[in-house]
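Undergrad: Would you mind keeping the following structure in view while I ask a few things?
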Amino acid sequence: MTPPFSSFALRVHKNTVPFSHTGRDWHFLSACERHVAYLKGRYQVNDLAARLVANRSIMEEAEEIFSPFLRTHLPDPSHLPDLLKAVEHLEEVIREKRPLAVWGDYDVDGACASALIVKYCNALNHPVISYIPNRFQEGYGPNINGFQMLQNTHQIHDLIVVDCGSTSFEVMAAAREQKMRVTIIDHHQVPGIDHPECVAFINPKRLNYTGPESLKTLCAGGLVFLFLVGANRYFRKTGMFSFLNTSEPDLFSLLDLVALSTVCDMMPLRGINRVFVKQGLKVLGQRKNVGLTQLLDVSGIREEPNAIHLGYALGPRINAGGRVGNSTLGVQLIATDSVTKALEIAQELNALNQERQHIERATEQLALAQALKQQQQHYLFLWDSSWHEGVLGIIAGHLKEIFGKPTFVLSEKNGMLKGSSRSVSGIDIGRLIHQACEEGVLVTGGGHPMAGGLTLRFDQISPFRTFLDKSFKNCYPEKNLSPMKVDMVVTLAQLNQPNFLDVWEKVGPFGADYPSPIFMVKRVYVQHATAFGHNHLRLKVCAEEDPSILYSVVCFRITDKPAGPFLLSLPKDPIDVLLTIQISRKWGKRFPNFVLEDFRCP
C-alpha cells in the first residue's frame, strides 16, 4: 500500500549527479524540521505542504501562501511615491472633462496596465484613449512625435505613461515645453537620483524611495492597480463619485489583468504578487473580461485557467501583436466590451501568434547552434543580423531555461545591435545593463531583475563582453550551470494520490522566484515514446515496483538534443527522472500532468 504524504521523510542525497541529460547537478533540498512542524501547526496543513514551503526558506511569506487574501495583504497605496500628485492630477482631468491618453509599452504588462486605466475611466464615463508605440518604427518608450500626434489629432494634453518612461528625460522635457501634463507609472530601473520632469513619477525603484521593499517587485500592472486603489480612496474623500453621479469602480473585477501582467512580466510569485495571481485567476475563471474570454476560447482552453495558461497561452498571443503585427491589438482586446470585436481581435492575435512561432522556430535553431559553442561561458551572447527583432526576447527566455544561465539575444537594426536579455534567479539583469550603460559599453538599455533590453554599436561588442565576463565571474564559481533543486524523492503512485492535488493547489501557483517543486522518481522504465509538436516527446512510463500501470510524461524541446533519440529508442534499463507537475481540470475533475525536467541513467 502506498504510504500517505503525511508519513514522508525527506531523504537527503549528495548533490552531485554526474551524468544527467541537462548536465546540471541535482541538489536535494533539506527542510528544517522545526519549520515543518511550525507550519503544520500554524496553518493546519499536512507534511507535504509544510515541507514544500519550508524547502524554499520563505517562512516569512507563509501567510501569503496559505492565506492569500487581498483584504489582509494589499499594501497601502500611500507608500507609492508621488501617489497624491498622481491622483490629484487624475481628479483634475476628470472634473474638468479633459480627454486623457494612456501610453503603454508593447508587451503584455504594458497592455494590461493601459487597459486597467482605460477600464477605470470607462467606468467613470470619462473619455480616454490608449496608445501603444510600434516596436519597429518607434521603439521602446515615449517619443515626442507620438505625443505631438496625440496633441494635434486628439487634443490630448494629459497623459499617463505606464510600463516605461523612467529614462525618458528629453521626451518629458519636450512634453513639458508643449504644456503637456504627464504622470509616469513604471517599474523599471531608474538610473540615478534624478527622474524625468513630470506631474508625478510613481516608481518604487526611485533612489529616494523609502516604502516597503515588496512594492519593488510589482510590475506595471500591479503598480497601476495600487494607483487605482489610491484613486478610489481619494475620490471617496473628495466626493468625486457623487460629483460624477456614478458608483465606485469595482477594482477586484480587474485582478485578472493584474495576474496576467504579473506572470507574463516574470515578476516573483511571492508576497503580494502571489496574492494578485491567486485571486486574479479566480476572476479570470469567471470569464467576465470579454476579450480574455475570447482569447481563452481561440486558445482551446475550456478548463479553469491557471498560471501556465497565463504565461504560455494568453501572454504569447497578446505579445504577438507587438512582435509581428499591430502593437495596439492587445490593449484593444483586453479593454473592449464588444463580443464581436473581441472575437475578431482574438482570432487575429491567434493567427499572428502562429506566424510568430514559425519565425521563432527558424531563428531559435540558429541561436541554439551558437549557444552550444558557448557552453563553457557563464552567460550566452548570441546575435545575427538576420534575426527578427520581435522574437529575440522569447528565444532568450527559452535558451536561458535550457542552459540555466543569463542569455542575451540580439539582431542588427540601423547599423547597431539591439536585443533582449533574460536572467536567472539571483542575477539582476536590469541593474547590470544600467551599469554597462554608465560604463559606456552600451548605447542604451534597461529592464528589471529577470529581463532587459539593450542597444550597442558593433565596436562595443568586445568591451561589453569583457564587462559581462567580469560581472559574471563569481556567479557560478564551480559550474557554468545552476543546479536542479529537488524537493524530495517519491514514487509515481504517490504523485497520483488525490490529496497531492489538494496540496498542489494550496501551495501554488508557481512561477518566477517561486519555482514548481521538482520530484525525483527512481528506476522508471520507458515503455512508449511518441514525438509531437516541435521537438516534444510524450512518454508512457512505469515504475519498477508496478509495471502494470503506465503514466504519461511530457518532455518539451528535447527531440533535437541527444536525449531525444535516446528516449525514442525505449532504453531497456531504468532511468531516474526529475518531474514537475501541472494540474488540469476537465469535466469537473483534476488531472496531474507530469513534465520531465531531467533524467540520468543510474
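Glycine too: its Cβ is placed from the backbone N, Cα and C atoms.
Curation does not apply to TrEMBL; its annotations are automatic.
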Undergrad: Would you mind telling me which of 342-372, 497-527, 528-558 TrEMBL tags as coiled coil?
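TA: Matching range for coiled coil: 342-372.
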Undergrad: When the domain 'DHHA1' (379-473) is classified with DSSP, how many of its residues are helical, how many are strand and how many are coil?
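TA: The counts are 40 helix, 29 strand, 26 coil.
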Undergrad: So how many of the residues in the domain 'RecJ OB' (486-598) end up helix, strand or coil by DSSP?
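TA: Residue counts for the domain 'RecJ OB' (486-598) by secondary structure: 20 helix, 60 strand, 33 coil.
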